[in-house]
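All remarks here apply to the structure that follows.
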Amino acid sequence: MALSSPVSPSLAKTNPASSTLDEGQRGSYWITTFGCQMNKADSERMAGILETMGYQEANAELDADLVLYNTCTIRDNAEQKVYSYLGRQAIRKRTNPNLTLVVAGCVAQQEGESLLRRVPELDLVMGPQHANRLETLLTQVQAGQQVVATEDHHILEDLTTARRDSSTCAWVNVIYGCNERCTYCVVPSVRGKEQSRLPESILLEMEGLAARGFKEITLLGQNIDAYGRDLPGITAEGRRQHTLTDLLHQVHDVEGIERLRFATSHPRYFTERLIDACADLPKVCEHFHIPFQSGDNELLKAMARGYTVERYRRIIDRIRKRMPDAAISADVIVAFPGETDAQYRRTLALIEEIGFDQVNTAAYSPRPNTPAADWNNQLSEEVKVARLQEINALVESTAKERNARYAGRIEQVLAEGMNPKDPSQLMGRTRTNRLTFFSAESPQGITHRAGDLVDVRIDQVRSFSLTGTPVIN
């Protein structure tokens, strides 16, 4: 199928939704986002495109003239949730043919034209590489055709004006795609090969965000510490000219940006040079998300992760040597095919040994077009549930223990907005990424707002959040 072409004649049909795209009659839109930060950033860009086209955000999904699902296929339950949502909208479209129905993201990339067979009410199916092309693709829908855009595509530089969900913190994509071949992971097949943005483009976007009042930037990539591998240039020292370390130095001094973060990191590429830069650059926050996936070397080899438990330990040791208070978060998979009880226990032991601040846990989920899905040593659902429950309990207790050391301390918190459960409180995050709630008004009568950097004395700790009182230092 040609890039972003109308579907084959057997599926083609006149598209009543085209009438909602006439100039000056754009109507309203609704975007539901599933999955990772990359998807959230893509959704913000697509929302910006829609608003540039003249759409306005709807008050509710059922009120929208255009509904877009930005989907995730990392696990089966996320994918099935998408089909549940689509089923409801398909019913709605049968009585409202002018509704425009779009599926974007990783499920769209994985399923392609077959999505139209399963949900013939769809107008547009588009993979994540095509997020910046939404206006062009909707123009094709306007011409009266169902459109599929899932071919490999050079991602346009991020020049779209995103509609940011926050007025304080922003995501900036710096590298798209992934060249790894982890045996359980569908991401490379749905997000394509690595494509790094040019540093000048990233810097320009960050300067624009600073001018709009944003205070914190998270640099995003599926495999961010591989940034620059696809860009040309070798230094006099014989290393790559473009690395994440170099990028941090290049963007660090953007005036108005107070904090820098980055995610997600791969242990294979997390270097001492990167750690030293994070320790030396004052705007880089002391929080690192570095998935380890398993505490057993045989399983790491089966996963094709490309590192050992010993290397992972050395990375964490180096981080804590340079930044003793640094927070470490991670991802882990339990019940990977063939995982023995002893191997699983090694994962539990590593969590206790490292003392993670947060761990995202998941039971292994077979995904299409991945080697591990075809192996004959799959574990039962009963084992998956039992191991997931046990590891979740350990993760929560470890997180609470790590949080306990904050009691009584004064932490700098970037206020991000109002606590939705208590309008008298603001919520924000410490440099170590602790979610923190505090009174919008200090005892001295100072009223704080989103965007303020506030010194907060921590009065109460929970497993995954802190509560405190603003203070004047």
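Including glycine, each Cβ sits where the backbone N, Cα and C put it.
As stated in Swiss-Prot, the feature region 'Disordered' covers range 1-23 out of the listed 1-23, 139-161, 231-253, 415-437. Neighbour counts were taken as the number of other C-beta atoms within 10 angstroms of each residue's C-beta; across the binding-site residues C36, C72, C106, C178, C185, the minimum falls on C36.
Excluding the listed site residues C36, C72, C106, the same chain places F34, G35, M38, N39, T71, T73, I74, A78, G105, V187, V190 with Cβ atoms within 8 Å of the centre of the [4Fe-4S] cluster 1 site Cβ atoms. Residue environment of C182 ([4Fe-4S] cluster 2 binding site) contains 21 other Cβ atoms, counted within 10 Å of its Cβ in all protein chains. Taken together, the residues in the domain 'Radical SAM core' (164-401) have a mean pLDDT of 96 on the 0 to 100 scale.
Across the range of the domain 'TRAM' (404-472), the DSSP-based residue counts are 1 helix, 40 strand, 28 coil.
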